[in-house]
Every structure is written in C-alpha cells, then in structure tokens.
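Per Swiss-Prot, the features are:
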type     : residues                       : note
BINDING  : 87, 88, 89, 90, 91, 92, 93, 94 : ATP binding site
DOMAIN   : 50-293                         : domain 'ABC transporter'
DOMAIN   : 382-594                        : domain 'ABC transmembrane type-2'
CARBOHYD : 394                            : N-linked glycosylation site
CARBOHYD : 671                            : N-linked glycosylation site
CARBOHYD : 675                            : N-linked glycosylation site
TRANSMEM : 406-426                        : transmembrane segment
TRANSMEM : 436-456                        : transmembrane segment
TRANSMEM : 485-505                        : transmembrane segment
TRANSMEM : 513-533                        : transmembrane segment
TRANSMEM : 540-560                        : transmembrane segment
TRANSMEM : 628-648                        : transmembrane segment
C-alpha cells in the first residue's frame, strides 16, 4: 500500500503550463514521473512527434465490399501545438483520430506509414492518452475524489501519499477545476458540475500521468460557446506545456478557431487543407472560395465542403421556400461536390501540400527516443482496494443503487408477512408455506434486475478506464463483488428477518440463518447474472428484458409450478432445472422449513410429518442436505462472476479477432484471391483490444 509521509513536506513552486503552483516536496520517483514530462524545451525523450504519410483506411462491409474511409492523408503533429481535425459529419475525423491512436475497428485496415519520433511503434500507456466524446464519470464522486482515485490505481505504491495528493491538486489547478473541486460530478438525482467542467475532468484524468501525446474526440461537442472556448483554451495551454495535442472538432466558433495552431480539413476522407490554421483564409481565397466578411471562418470552410447543403437547397427549391437572389458567392454557381473536387485538387498542387510533405520527411528522419512510461505502476492489491473503496462510496451515495431497493424489499416482505401472517401448521399451511417460499425466492429475488441501469453505468466507466490501461479486468470484477457484498447482506438480512418472523417459519436460529443466507445467495446470483449481461448488452432496456426472460425460464423449472418429477426430462429437467438457482433455493428452503414439523391432516386425527410432505407433495430428495443446496447456489455466484470476467475478456480479445478474420475472408473471397488469412499487401489490420492494451501497459499487469 501507499507509504505515509513521515516527515514534514516542504512547499516548493513548480512550473506548470506557464505558472507556478505550490506542490509538496517530491521524491526522485515523483521527479522521474513529472518533471521530465513537463519540459520547456521540446527535445529529447520528453517530446512526441507524430507523422503520417499516405494514410489510407479501408473497411469491409457485410457483403465483402470494401470502402475507403480515408484516402492518402499526409501530415504531422509536433510538441507544443494544438492540431484540429475538422470536417462535416461523415468526413472521417473520428476514423483518422482512431487510426493515429491505433484504435481502429476490427474490420478496418490501415495502409501507409504512421511514425512516432521517426519509428513505427505502438502507443504505450502514459505516452498517449485518448479522451472520448462521452464523459463517462461516476456521478456521486466529487471532482477531487474522481481524480484522486484515478491517481491511486495508476501511480506507484512506493510514492508517498502526500505526493500523490500534491500531484492531484496540481492537475486540478492545471485544468482550472479548483472552484468545483469539492462539487459532485452529478447524476440523475444529484445536481453537479456543468458540461464543460465534466469535459475538463475527463481530460484531467488522462493527463494525470503526463502523456506526451493527447487525442481528443470532439471535446467541445454539446457545450455552449463559453464552455467550448474554456475547454479549447485549456487544450492550448496543455500543448504549450510540451504536449502534442490532436483533437477532432465539429463546428468551432470563431474564438475557438483562433486557438488552433494547425488545421487538418477533411471531406469524404480526403485532405482539403493541412497547414497553419491562420493560413486557411488565404488558401481558400487562392482556391477561388474567399471567406466573406463578417462570416465565421470555420463555418465558411465547412460550408464549402459539406455536400448536405446541396440537398437542403434542392429540397427548399422544390418546395418553393427558397428565394434566389443574385450573388457573387462561387458556391451559388457550382455544386458542393465540384467545390470539394476543386479544393482537393488545388491543395495537392499547392505549396501547402509540398511544405507539409517536406516537413513530414524532415521529422521522419529524426529518430527520437522510444517513448515508454513503463505502464501503470500500482500493484494489483492497491488497484483492487482502491476500486473497491470507490465503488462502495458510489453505491452508498447513489440512492437508486441499493437504498431504494432496500425500501422496496422491506415493503414487499412486509406485504408477504401480512398475507402469510403466522401461517401455522394447519393442513392448508402446507401449500401456503410452499407458495410463500416460491414467491420469496422467485419474485423477490427477481427485483434485483432493477439495479441493471447502475451496472451499465459502471461498465461505461470501466470501458473508458480500461481502454486507457488504468487497470485490469480481474481487479474490476473483484472490486465490484466486494463493494456490493455489504449492501446485499444488509438488504437480505433486514428483509429476510421481517419475512421470517412475520410468517412464522420453522423456529430455530439455524433455520433462520439458513433462510437469510439462502436469500442472500439467491439475490447475489441474480446480481452476478445481470452483471454478465451488462458486459455484452450496452442498452439497459435490452438488458432488463433479457435478464427478466432468463429468470422467467428459471422460475418455470424451479419445481413449484411444475413438480420436479413432472418436468419433461429432455432439456427442461436436464439441464435447465439444475442450472436454475430457483430450483436449488426451493429444494433447500422446503427442507429447512418443513423438516421436523408436523401438520394437521384433513378429516383425521393423525398428524402429517414434514418429511412425508417433502417426499410426496414437493418431491424433495431428503438424502441431499439443505446445506448442499445452499453450497450449489454459492458456487453459482462464483461461476457467474467468472462468466462475467470471461465475457469481458472475450469482447476484448476474441470478438475483434473473429470480426477481423471474417472481414479478411469476405474481402479475399470478393477479390477472388487464395490467401484468406492475411490482409492485402500494405494493409495492417487494427489490433484487438488485448494487443492494444498490452502494448499500452507493457511492464504492467494485464490482469
């Protein structure tokens, strides 16, 4: 675990992004992680120079047809610069960003050359970071807590706790989040920070380890003009600290556009312009499409290369809703498709293209040091402990995670208790006890699917952190299990106690203990099942439907609605009833409740032994102990959690490989070639997520 500071830390000013901030005295380890990554000179092993030449990305369709999403792109990104990728929707901005960051889909193939510091190398964790468009954050944590827990799962164990705190505060100041540092992120019932602040928190999480190369997918999407300007200004400040920043931008304002150092303009996957952002005005004017006065330059550039405007004009013209007036605008005289062709052709014959090409050649000749931060250095135990604590805090603060379910469980069990109040040992109590157990272990446990939306949110956070190599799958699965256990114990013991004593089930502490343990195990099995579903179903509505369907089938073969010996043997009896936890729960609870009791007979003075009821009414095997039934349910918890782990690993490793293999097969069959196991010459298939993460976490634990 972390080493506590045993001495008084001395406050020293540290220069970050042009400013001095007080940070606690740092050990040599901290210096190695931080000072060397925040230089004032963009040279040596502290810089990232990225070049791409003749970059082409081809995707395969379902019928084997291929389509070039990107075609012949050439450009570069240097330390200290903010490069913006712009273009209309569908122009290839996100694909280009994914290609440069090694995140292409399995059915996408890349050709051309992408070099980092003059070398073909994978982007390792700590060297490059990727900020997605969606801000998948834990809404119940404060900004400071969010960054703090992220630091703990990545920074080395041997680093002092006070140093980690200082680095977190430094990052908060760097991103301008100090005013909202103690405000919760916000969720469905907690009002939190603004959208722009959430975006800056997402960026702060990825710059915590001081990556040299930062990719951002539409960081200003969905933000108002002020928030978009603040976020972009922050990115510009980060680039001035020696980082190489590349961001895709959809529709920037004029103020935001002025913050860009370089502009890469795309249309239909082709380069329209690449160069200094300030030179784009002159380029469009030289190409015959000058920017009118009082018009936002970025709006004008996108207007020239967005063919959707032709469709709008045609629609309005057909409906007689567009008034045409004489204009000197060249776009009024030609179609947008023709304008795009003219701009693309002009760029490839202009000085801008040859200057960029020469610069790419120059940078490619410089063989810089291979950038590798060594991966996440936190131990597996520290990662698991931190994730468990973070998840526990989230569950305790989110009213809808477990607290609301606790209230519903109490309400339902009180209803059960009043309906079956003091059920007794009369003849009618035999079926009453059986139906009560069936409802408790069938429909009461069924309510656990209500937590599925929260599971989906957890998976979104995990996927974001996993893609950037924060921690492994095993740490997440174990932490999720441990953090939920206290809440599940609390829910089942409180509701189980109410039900047990109100109904008047078999008296005795061991009988009571078995009942609540069996209820806990059953609820936990449902939770584990829903977590496995959440790992493969991204939509919470679909997940609830699938989970409800599976549990409905399990209840049918539980042995109550249809007695065990009457269930059709093929499939339904074997194996369905044996993989249903309802079956084992009812088998155990029937024995727990009825064995040792005697019931009144109908029209006779003789008493009916509970053992007779078990064998002849409920068809229970008395040779199998009730504790064996409980142990089977407990083993199902482990099995479902293992399935949860396997499903995540399958989505990371197997699914991308299968999709890539199928894509290559279809492409080869379409082309009539013989080789069906390799990509075409010059094409490199995008790596699977496992390979991607493995290269980003080289030296760190992958599990």
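Each residue, glycine too, has its Cβ placed from N, Cα and C.
What Swiss-Prot annotates, mapped onto the structure for a quick look.
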residue	record	DSSP (3 states)
87	ATP binding site	coil
92	ATP binding site	coil
394	N-linked glycosylation site	helix
Recorded positions compared (89, 394) - the one with the fewest other Cβ atoms within 10 Å:
89
Other same-chain residues whose Cβ falls within 8 Å of the Cβ centroid of 87, 88, 89, 90, 91, 92, 93, 94, the recorded ATP site, in sequence order:
266, 267
Stretch of maximal Cβ-Cβ contact with the transmembrane segment (540-560) [cut-off: under 8 Å; candidates 406-426, 436-456, 485-505, 513-533, 628-648]:
436-456
Neighbour tally for residue 93 (ATP binding site), based on other Cβ positions within 10 Å of its Cβ:
25
Taking the binding-site residues one at a time (91, 94), which has its Cβ surrounded by the most other Cβ atoms within 10 Å?
91
Taking all residues of the domain 'ABC transporter' (50-293) together, what is their mean pLDDT?
89
Cβ packing number for residue 92 (ATP binding site), 10 Å threshold:
25
Using C-alpha atoms only, work out the spacing between residue 88 (ATP binding site) and residue 394 (N-linked glycosylation site) and round it to an integer in Å.
39
Between residue 94 (ATP binding site) and residue 394 (N-linked glycosylation site), what C-alpha distance do you get in Å?
32
Taking only the Cα atoms, work out how far residue 93 (ATP binding site) lies from residue 394 (N-linked glycosylation site), in Å, as a whole number.
35
Measure from the Cβ of residue 88 (ATP binding site) and count the other Cβ atoms within 10 Å, all protein chains considered.
22
Do you know offhand how many angstrom separate residue 90 (ATP binding site) and residue 394 (N-linked glycosylation site) by C-alpha?
37
Highest Cβ count within 10 Å among the binding-site residues 87, 90: which residue is it?
87
From the binding-site residues 87, 89, 91, pick the residue whose C-alpha lies nearest to the C-alpha of residue 394 (N-linked glycosylation site).
89
